[in-house]
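*Asks:* For THR233, ALA234, GLU235, GLU287, SER387, the entry in Swiss-Prot reads L-serine binding site, with the evidence type sequence analysis. What Swiss-Prot records for ARG264, SER265, GLU266, GLU351, ILE352, SER353, SER354 is ATP binding site.
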Amino acid sequence: MLDLKRIRNNSNEIKESLNNRGEKFDVTVIDEVLKLDEERRNILVKVEVLKSKRNQVSSEVPKLKKEGKDVSNIVAEMKNLSEEIKGFDTTLAKIDEKIQYIMLRIPNIPNPQVPDGDTDEDNIEIRNWSEPTKFDFEPKAHWDIGSNLNILDFERAGKVTGSRFTFYKGLGARLERSLISYFLDTHTEKHGYTEILPPYMVNRTSMIGTGQLPKFEEDAFKISEDDYFLIPTAEVPVTNLYRDEILKGDELPLKHVAYSACFRSEAGSAGRDTRGLVRQHQFNKVELVKFTKPEQSYEELEKLTNDAETVLKELGIPYRVVRICKGDLGFTAALKYDLEVWMPSYNRYVEISSCSNFEDFQARRANIRYKEDAKAKPQYVHTLNGSGVAIGRTVAAILENYQNEDGSVTIPEVLRPYMGGKEAIK
């Protein structure tokens, strides 16, 4: 959520930033917010005048009573003033509700580093690692490799649940589990993150706090009876871990890593990468989340992105890093990098991680602040997160990049200790 004071003082600048964001955002709502804000402030002035008058009149009552004078008119006036104040309070509550409704639907302001552009084709490659994998045979897609090796079963998952679900079997299940352990071990032992195992369901307030709601409710799986939501990413519970709290400045940055299952309806994605493991309704992911001071956040974003890159390098999977343009930035991020791995069957790079700085956008929604010391004024933290990385897509990338002509798949060396010393899946 944006700072209302910032909108008040820089409305034209904010309109321009949102106009260029590529989401076809209706900037006239900024004028609506300003109008409501002005109305609210005018009413607050009137309320203060009325309260001052009521206090003044009220202070005269004891003196007049002591003098034996009739105070019925003054008491009646006090009652009228109180009723008038109560009416204004009701009006203020309605205005606040309208302002909140609009503010929750205004996207974040892009950082000046974000390139112009409308679609993912306008994203800018920052760097790449290793050349795309070449084969002297016709490579297969990961869904065929997995099915042939009997380690992925899409057909039976479709029978048991529906489309875009998967059974991992045998060494496929072990590969998935090995990646989870390897990612968690790397980020905790080498990169200094504290591991969190979060709930897989959160309440509506948590989804609002990280920006999934109200805009993306159709993409979420909801438990209707309790108004709980299955998490689309561990970002939601881990960020909300400190909702409505004031952190200590000397504890920042806080760095957490969390493994979780993730659940997404992927509404509107029909026909887009829906075969195989790339776009599932349920998938596993290891998430990196940071809470920082404002002046630390962009340096910490670079570190977080490098942490995610480390596991891809150690796995030996070719990848690139792209800076996301304004039109592809999404609702909550101020600046975002995507890590994309090479997928031979697609003959292109496929996103495996998004690393974002939200600045104070989520912190304002979730009311997460910090104080430098006991006497300091609380300030909003900056929140960051990134996949470290998506497990299913990593399995897909390993199957495709490490496939052999005989149909087997070589296991990356870094995973072999987790795979019982096995060198290949046959």
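Numbering starts at 1 and runs along the chain as displayed.
Just so it is clear, glycine is given a Cβ too, placed from its N, Cα and C backbone atoms.
Worth saying up front: this structure is predicted, and the values here are computed from it rather than measured.
I'd like to know what surrounds each of these features in this structure.
*Replies:* Within 10 Å of the Cβ of THR233 (L-serine binding site) there are 22 other Cβ atoms, across all protein chains. Mapped onto three states, the DSSP output places THR233 (L-serine binding site) in coil.
All protein chains shown were included, and the count of other CB atoms within 10 Å of the CB of SER353 (ATP binding site) stands at 28.
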*Asks:* Once the chains shown are all counted, how many other Cβ atoms turn up within 10 Å of the Cβ of GLU287 (L-serine binding site)?
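*Replies:* Step by step: centre on the Cβ of GLU287 (L-serine binding site), count other Cβ atoms within 10 Å, giving 29.
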*Asks:* Need this for a regression test: binding-site residues THR233, ALA234, GLU235, GLU287, SER387, filtered to those with Cα within 10 Å of ARG264 (ATP binding site). What's left?
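*Replies:* The binding-site residues close to ARG264 (ATP binding site) (Cα within 10 Å), listed in sequence order, are THR233.
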*Asks:* For a quick check of packing: other C-beta atoms within 10 Å of the C-beta of SER265 (ATP binding site), how many?
*Replies:* 17
*Asks:* Which one of these binding-site residues, SER354, SER387, has the sparsest Cβ neighbourhood, judged by other Cβ atoms within 10 angstroms?
*Replies:* SER354
